[in-house]
Amino acid sequence: MENDGDIRLAHRLVDLADSLALDYFERQPAVRHKDDGSPVSEADLAVEKALLAVLAEERPGDAVLSEECGALGGASHRRWILDPIDGTVPFLAGGRDWGTHVALEAEGELRVAVLSRPTEGVRWWASRGGGAFASARREPLSTSRPLRILGGAMSLADARVGGFLMPDSPVEPLRNRVRWTESPVCAVADLLEGRVDAVIDEGGHVWDRAPAALLVAEAQGRVDDLCGGARLDGRWLVYAARGVAPELFQLLRETVG
């Protein structure tokens, strides 16, 4: 399988991240706040440090983009994109909606993605051209089931939409036109598992979006930045089941201008 070595390395990274993060979970790790007010804990930093050490040994020529340390490694055509603990707020509160994001980009194209939720014992992973899968935390490559986003709604009026909007968002009125579910953390797992029909990401970061975008695309969903592409670094990224995607994308494009 193409990307096989990178897929296995991505799973090893997530295995390590899950194990370290669970060691800190419910232990009240030390916390400081970044300039934007968001928290970063010693667990975030410990996980990131461990992942960077593995990549430095296993893929010394690859670049890295990680939430806490930023960009490392210069102009390599291969870049690992990491969110050591996605969902630091629920992690610190003893919640379950947190995990690790790992993606590999090569020649500007996403190739591998893994997204974990260790307290639930599950992860989702994908490789370009190889499909998307859900699997148990233990032995992920041998416990996998294929994912295909079908969606239960065929019109926007019936759609279940998850996501998180910025204050004074121009798409705020959309809440009244769909069955809205607020989600302060990446809700793409809900789309992959059929619990929602679409997810709106306003103001997210590349490390939030990279694995989600490949997972949704490989699960036969749609990804759109509302400008006709699927850029990861813009204000908007919308993920949807094919049944509601055309109507939802058109409405959002008209709304945001």
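Including glycine, each Cβ sits where the backbone N, Cα and C put it.
The Mg(2+) site in TrEMBL is built from GLU67, ASP83, ILE85, ASP86 plus one of ASP201, ASP208, ASP224, ASP225, namely ASP208. Looking at GLU67, ASP86, the binding-site residues in this record, the fewest other C-beta atoms within 10 angstroms of the C-beta turn up around GLU67. A 10 Å cutoff on Cβ-Cβ distances gives ILE85 (Mg(2+) binding site) a total of 27 other Cβ atoms nearby, all chains included. Secondary structure from DSSP puts ASP86 (Mg(2+) binding site) in a beta strand.
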